[in-house]
Amino acid sequence: MDLFWLLMSLAGGAFGAMIGANYAFGFTGVTILLGLGVLAGTGNSIILDYVSFGPVFGPHIAFAGGVAAAAYAGRKKVLVGGGKDVNSPLAGLNRPDVLLVGALFGAGGYLVERLIKLIPWLGSHTDTVALTVVISALVARVMFGRTSIFHRLTPPAEGARWLDWQEQPKQLLTVSLFASTLAAGASMVVGSYILPLSVADEHWARMLDNAHVLPFAISAVCIFFVAGGLRMPVTHHMTITASLAAIAFLKISGSGMVGLLAGIVFGVIAGFVGELMARLMYSHGDTHIDPPAAAIWVMNTLVAVAAMPFLD
């Protein structure tokens, strides 16, 4: 634990609430693209570590802070869109108490994520940021929501759905298939170039370890447009899973085609897991529990488990 990072996480959570959770996540994507460029050019991951996945725009801090603040504002009946509205910038409510909730959940997100990293095996075999986003949202639901966490699975209906343009099986399969193929393919091109260099150079080894977040960043930037009201695909749970699996199986097999196929399979599954999580925890709830984050930590763990038999 670091006191400086904890204090900055208070600010990060408040800022995520100020600009709205989804806009904060969009900036996560922008800063990842910047951070990857800095890492490739200098070997330094400070932008990724501190800005993209740290106190500034780390989803477990800024996005989670925005989610909790929206839940609180919904409970206080000061947010027109209700407690699930993660698009509206909450600074416009002129309610310091709402922003304070965001700050507290931002700091809480920092602490919880660091604690998860200490859990034997799980801490190094799951996406600790995504898991923290889910835990934070569950706490916000319990504290500020009036509905239960889990709900009976029902067909999507008006007022009880996540993304109406991406929920039907044929559409979801199509979006998942092509998003995963694109992500896994991009990871293969980058990873295949870096893999031989990473053996003897720590700089390139760090780049390989972060190659899977490139497609994720592109998907995250798309959330700007979702927040703006456009019916854009929500694919970051698909792309990060596909990329992670692709890189993992590239390392195992040395074959880009094996990595590509593994990425596609896991990415498509992630798409359907995301919709399942939406119907379990989001659709009938009155606060936002993020379906992509729920899918990411589950699928990240499954990728790690699937790769284990092939590792020394």
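Including glycine, each Cβ sits where the backbone N, Cα and C put it.
According to TrEMBL, the features are:
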- 4-146: domain 'DUF7973' (DOMAIN)
- 50-74: transmembrane segment (TRANSMEM)
- 128-144: transmembrane segment (TRANSMEM)
- 172-194: transmembrane segment (TRANSMEM)
- 208-308: domain 'DUF7973' (DOMAIN)
- 214-232: transmembrane segment (TRANSMEM)
- 244-273: transmembrane segment (TRANSMEM)
- 293-311: transmembrane segment (TRANSMEM)
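Between the transmembrane segment (214-232) and the stretches 50-74, 172-194, 293-311, Cβ pairs under 8 Å are most numerous for 172-194.
The list of residues near the transmembrane segment (128-144) in space but at least 6 beyond its ends in sequence, with Cβ under 8 angstroms from a Cβ of it, reads 53, 58-60, 63-64, 67-68, 71-72, 74-75, 83, 105, 108-109, 112-113, 116-117, 285, 287-290, 292-294, 296-297, 300. For the domain 'DUF7973' (208-308), the number of residues in each DSSP class (helix H, G, I; strand E, B; coil) is 81 helix, 0 strand, 20 coil. Summed and averaged per residue, pLDDT over the domain 'DUF7973' (4-146) gives 97. Cβ atoms under 8 Å from those of the transmembrane segment (293-311) belong to residues 59, 122, 125-128, 130-131, 133-134, 137, 236-237, 240-241, 244-245, 248-249, 252, 266, 269-271, 273-274, 277, 281 of the same chain, restricted to positions at least 6 beyond its ends.
Outside the transmembrane segment (172-194), and at least 6 residues removed from its termini, the chain residues within Cβ reach (under 8 Å) are 166, 204, 207-208, 211-212, 214-216, 219, 233, 235, 238-243, 245-247, 250, 256, 259-260, 262-264, 266-268, 270-272, 275. For the domain 'DUF7973' (4-146), DSSP puts the residue distribution at 109 helix, 0 strand, 34 coil.
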